[in-house]
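Engineer: Questions regarding the structure given below will be posed in turn.
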Amino acid sequence: MRIRKDFLTISFFFIMVTGVAAEDGCNVINCKCDTAGKRVYDCVNVNDTILRMIAQQINNDTIDLSITGQNLTTFDAPFYLENLNNLDLSGNSFKRIPENLAKKFPKLGVLELKDNSIDKLDPEDFTGLSNLNKLRMDRNLLTEIKGGTFIELKNLKQLYADENQIETLSADSFSGASNLLNIEMKKNKVKSLPVGIFDPLKPNNQLKIELTENYLTEIPNGLFTKLTEFQFILADKNLLTKIGDTAFQGVRAYAINIKDNKITELLKSTFEGAQLQILQVDDNPIRCQCSLKDLHGLVDQMTGTCINKTSAEIDSAEWIREELCNECEVNNTCQHGGICVPVGKMDINCKCINDYHGKNCQDKPICESVTCQNKGTCKNLSPSNYTCECKDNYSGNHCEIFNEDNSLTVAEIVGIVLGVLLFFILLVVIYMLCRKRCQKGGDGKAKAGEGVPLKGGPVSA
């Protein structure tokens with residue numbers, strides 16, 4: 001009797017369990033299916049045991065499988081669905097990407113893992129998933145996207161990782177995923193974008209990159225050196241204070257949204273050569289200057305206000321010209337480095353340099369049309385007057401006259417002086433020698449006369 005009671009209990013349980021599927025003709029336990037049996041969804045009360053039963057019962061032609069909100073932590077059931085394209089495991093409790101997905105679903109194109117507890121991604125998680133074109137990781141616990149994570153996802157086009165805890169991106173975070181068309185990382189904690197991070201991406205006018213509500217402080221130069229074409233860049237509601245002075249040079253895009261940041265200045269050089277339809281800078285503390293007018297030649301439409309002009313809209317080039325510019329900033333006609341000085345609201349004065357002259361410093365210095373000969377140097381005296389400073393023995397208006405100089409040179413004068421001095425010394429030497437010789441002759445005669453008595457004089461005894 002007890003055996004019969006247990007049999008009835010088991011039978012009742014089986015009927016209750018299969019009844020969920022039976023009411024719409026689906027042969028998959030606890031799940032709903034479409035009429036063709038290719039979509040399996042709304043699976044309930046799924047645990048590891050039920051999951052194995054689903055794997056055994058599901059039609060091999062199934063292309064869409066959704067098992068959501070079931071608190072699953074593993075996905076070890078022996079699935080093999082050759083044609084499965086969409087797998088939705090959102091709202092479970094996975095901490096890592098389920099293993100062996102490529103072996104179970106070799107043609108998997110869409111993987112949705114929203115609202116789980118996944119805190120880490122590795123390249124090995126996606127081994128073999130070369131057909132994957134869409135990955136949803138919203139509202140998990142990711143803190144970084146390491147370099148090479150998507151190295152095998154060459155066909156990935158859509159990546160969603162909104163509302164995680166992502167702080168760190170590396171320069172090769174998107175390596176391998178060159179066909180990405182949509183990157184969404186809203187409401188994370190990304191502080192910086194390393195130069196090179198977008199280099200693996202192919203330029204495409206459908207590409208959208210959304211980084212709304214992060215902690216970015218700068219868009220650096222070099223970020224879009226290779227990614228020269230995209231549809232949208234959305235970096236609104238960050239902490240941006242600086243846009244590199246060449247950050248968006250040469251890009252082609254539909255819109256750049258940097259609203260609600262802390263940007264105080266926009267430079268023409270930042271967008272030099274760009275083809276941009278919309279630039280949104282609303283809700284930034286921008287101090288408007290006349291240079292903003294230059295942006296209107298690069299951007300079709302620009303929205304925002306000026307902190308130094310109440311309710312002034314920067315989308316009006318005419319307003320910028322009238323309110324922020326003087327004539328020098330609008331119509332500087334000074335040439336050759338002349339300094340423009342505004343005179344009133346509508347006129348200018350040019351202060352010329354380097355001897356240029358004329359109203360706009362357009363006239364060359366007169367010396368530029370004068371040739372001083374024989375290494376002479378032309379010196380401007382006035383716009384119409386000059387002088388040639390001649391060298392050596394040249395003179396004339398253009399140093400064309402050579403003047404013979406008959407005066408003695410210093411060397412010649414020194415030679416003469418030395419010659420006279422030597423001649424004088426020679427005379428002195430000759431005089432001294434003669435005098436000495438004369439003295440010797442006188443002394444000899446005196447000695448010869450001693451002992452000879454003078455005529456008529458006494459002779460000594």
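Positions of Cβ are set from backbone N, Cα and C atoms, glycine also.
Sharing the feature lines straight out of TrEMBL:
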- 1-22: signal peptide (SIGNAL)
- 326-362: domain 'EGF-like' (DOMAIN)
- Cys352-Cys361: disulfide bond (DISULFID)
- 363-400: domain 'EGF-like' (DOMAIN)
- Cys390-Cys399: disulfide bond (DISULFID)
- 413-434: transmembrane segment (TRANSMEM)
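Tell me what's around each of these sites.
Structural biologist: Note on the domain 'EGF-like' (326-362): its mean pLDDT in the predicted model is 84.
For Cys352 (disulfide bond), the number of other Cβ atoms no farther than 10 Å from its own Cβ, over all displayed protein chains, is 21. Under DSSP, Cys352 (disulfide bond) is assigned to coil, being neither helix nor strand in the three-state scheme.
Around Cys399 (disulfide bond), a 10 Å sphere centred on its CB holds 21 further CB atoms from the protein chains shown.
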Engineer: Which sequence-distant residues neighbour the domain 'EGF-like' (363-400)? Criterion: at least 6 residues beyond either end, Cβ under 8 Å.
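Structural biologist: For the domain 'EGF-like' (363-400), the far contacts come to 354-357.
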Engineer: State the Cα to Cα distance, in Å, between Cys399 (disulfide bond) and Cys361 (disulfide bond), rounded to an integer.
Structural biologist: 29
Engineer: Taking the Cβ of Cys361 (disulfide bond) as the centre, how many other Cβ atoms fall within a 10 Å radius?
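Structural biologist: Cys361 (disulfide bond): 22 neighbouring Cβ atoms within 10 Å.
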Engineer: Give the helix, strand or coil assignment DSSP yields for Cys399 (disulfide bond).
Structural biologist: coil
Engineer: So what sits near Cys390 (disulfide bond) in its own chain, CB-to-CB under 8 Å and at least six residues off in sequence?
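Structural biologist: Long-range Cβ contacts: Cys372, Asn374, Gly376, Gly396, Cys399.
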